[in-house]
Structures are given as structure tokens and as C-alpha cells.
Amino acid sequence: MSLTSTEHVDTGPADGPDAGTTPPGTAASPSSRLKGLAERNALLALLLAVIAFFAIYPESSDTFFTSSNASVLLGNQSVVALLALAVILPLVTGYFDFSLGAIAATSSVLTAGLMSFSDLSLGLAIAVGIGVGAGIGAINGVLVTRFGLNSFVTTLGMATLLGGLIQWYTGGQTILAGIDPALPRFGSATWLGLPRVVFVVLLATVALWYLLSQTPFGRSLYAIGSNPRSARLVGVRVDRSVWTTFVLAGALAGVTGVLQLARAGSATADNGTSLLFPALAAAFLGATAVVPGFFNAVGTIIGVLFVSVAVSGLTLSGASAWASPVFNGAALLVAVGLSHYLGRHRGVGTG
């Protein structure tokens, strides 16, 4: 893979997730419909099976299947879920963005720092944090589309750069003082028995689902992911569309950073890697569910729940600290393999 060539990951038929599954004018047979139903719901069924297992497993049954554990789990995983939604935006067009975890960390640290060091108001600090995320995404997009740099290497380099800048800005220290108390209050508050941050994720999920599956722009993104040359021939502005996905992903990662700050009440000098890999695992797992072979918002959320529920169950069962990263890594490997298989099985590549 050349550093000056842009890799491309096929993500489905040119017309999007609803295309290419059944030839036009051909009625699907009962067996194919049943197989399609099983493919779409396999991950959800597996999630329910994992929940049932840990609910009755003696080592975890007392604490796993409780409202308090569910509330904590959903609140904590809201940050990963929002980042996973950001991850799929460039993936839909066939590109990677490995800097999104670092962008979230940058947004979190900058938002906290502007309140703590510069006495900025909460609203202005949040706006700057999200805006910087979008700006970094715009830079990534320009490097990939205008200069033809490989998105894998480019965004990995950006993540490393941001990690260093975070260390410089914070001096390696956690930012605790000066943060407007309204933000952590929001992060810990509940509504209808659920953490408020969960509703932020639900709103983002619905918005992204609508963008990708119900708008011409979303369909054009899937067309680019399938075959950018063909998309360009039918009038799609490929470079501008890809650039837009990097900007939107950066902005959503910026929101993720603010949400992380709201949940933690402080900002740490972290490069965001601990968020990125679970988000990637969820994104690729999501490509095996709901609309198999395609990155999609609803499947991604199911992927987040599957990974987080399994890790929570293992932790409550007394598993060692290394179990969580091992499971996340294994889930990512399996998810990439499954999404690749489903893409090839449907006649479209995913790698």
C-alpha cells in the first residue's frame, strides 16, 4: 500500500444497503428470506444470549441483571457508541480514520482547559471543542482527497501528533478545577430512569441512520464506497463527499470528547486509544447486522452493546483485568473477518 495512494474499501452496491440483495423483478425464495432474516438478526440474537448467560451464571447473576448495572453500563458506553458512529462515516466511503479517538481526547482536554485556564463560558468552550474536532477532520480530509495520501497512515500520524499536543497542553496532568459544574451534572443526571447521555446517542443514531439511508447524499456515500470511479461518472462529487465525511466524523468525535468530559467530570492526558478500538470493533460488528455487509448506524449500536455487555459480564464474573482488551481485540478481528466474508458473499468486497 503506497503512502501516496488512497486505499479503498468496498462497502456495498452503488445504490446503498437496499441494492444488490435480490435481482430486479425476482422474488426472494422463502429459504433466502429466512437466511437474510438470520443474517440481519444474528448479532442481536447473540447479544440476547450473552445477556441471558451472565444473568444466570452464578458468579455474575447477583449484580449483572440489575437496573443499576444497566444504567452504569449504558452511561459509560455512550461515549464509545458516539465515537463508533463517527468511525463509520469515513468507512462508508471506503476510508479509515484512526485519529477519531485522539480527536475526542483533544476536544475533551481543550473544552476543560478553556474553562479552567481561560475562564471561557461552558457554551463557548463546548463550541470550540467541537469546532476543533471538525477542523482536524477537515485537515484529514484535505490530506486524503486533495493530496491523495493513504488514510490509514495519515490519520494514524494525526493521532500520534494529537497525543503529543495533549501531553504538552496538559503537562501530563488531569484537568479537574474550573470546569463548569453544569457539565458533569448533565453527565450524571438521568431521565426516564436512563442517563441523559444515552438520549444524546439515540439522537445521533437516528440522525446518522436518516442521513445514510434516507437521503441522496447518504446513497452517494455508499456509491463511493462501492466504486468511486463509477460514482464519479454518474456525477457524484467524490472528493467533496469524502472530505465531508471526515469533517462530520471529526465534529462527532468532538461531541464525544465533550460527552466524555461530562461523564468523568475531568479531562485526562490520554490519546484516545482506549476509546478507538472498542469503537472500531463495534463498527465492524455492526456491518454484520441489520444490513449485513454495510456499515450502518443501528448495527453499530448493537455492536457497542454486544461488546460492552460481554466485557461487563466477564468483569462481574471475576475475570482478570486483561480480559477486557483481549475480548475487544478478538471481537475486532472476528468482526473484520465476518464483514469481509459477508461483503464477498454478496459480491462486494470489504477489504
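Glycine is no exception: its Cβ is also placed from the backbone N, Cα and C atoms.
All TrEMBL annotations are machine predictions without curation.
According to TrEMBL, the protein carries these features:
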- 1-32: region 'Disordered' (REGION)
- 41-58: transmembrane segment (TRANSMEM)
- 70-91: transmembrane segment (TRANSMEM)
- 98-117: transmembrane segment (TRANSMEM)
- 123-144: transmembrane segment (TRANSMEM)
- 151-169: transmembrane segment (TRANSMEM)
- 189-212: transmembrane segment (TRANSMEM)
- 242-262: transmembrane segment (TRANSMEM)
- 274-291: transmembrane segment (TRANSMEM)
- 298-316: transmembrane segment (TRANSMEM)
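It is 98-117 that, among the stretches 41-58, 70-91, 98-117, 189-212, 298-316, forms the most Cβ pairs under 8 Å with the transmembrane segment (123-144). Each of 41-58, 70-91, 189-212, 242-262, 274-291 was scored by its Cβ pairs under 8 Å to the transmembrane segment (98-117), and the highest score goes to 242-262. The transmembrane segment (189-212) shares more Cβ pairs under 8 Å with 70-91 than with any other stretch in the list 41-58, 70-91, 151-169, 242-262, 298-316.
Recorded stretches compared: 41-58, 70-91, 274-291, 298-316; the one with the most Cβ pairs under 8 Å to the transmembrane segment (242-262) is 70-91.
Within the chain carrying the transmembrane segment (298-316), a Cβ under 8 angstroms from the stretch's Cβ atoms is held by residues 43-44, 46-47, 50-51, 53-54, 57, 59-60, 63-64, 69, 73, 76-77, 80-81, 84-85, 87-88, 201, 205, 209, 278-279, 281-291, 323-324, 327-328, 331, 335, all 6 or more beyond its ends. Listed as Cβ neighbours of the transmembrane segment (41-58) (distance under 8 Å, sequence separation of 6 or more from its ends, same chain) are residues 64-65, 285-286, 288-289, 299, 302-303, 305-306, 309-310, 312-313, 316-317. Tertiary neighbourhood of the transmembrane segment (70-91): same-chain residues 9, 11, 97, 100-101, 104, 151, 190, 193-195, 197-198, 200-201, 204-205, 208, 225, 242, 245-246, 248-250, 252-253, 255-256, 259-260, 263, 275-276, 278-280, 282-283, 286, 295-297, 300-301, 303-305, 308-309, 312, selected by CB-CB distance under 8 Å and a gap of 6+ residues from either end.
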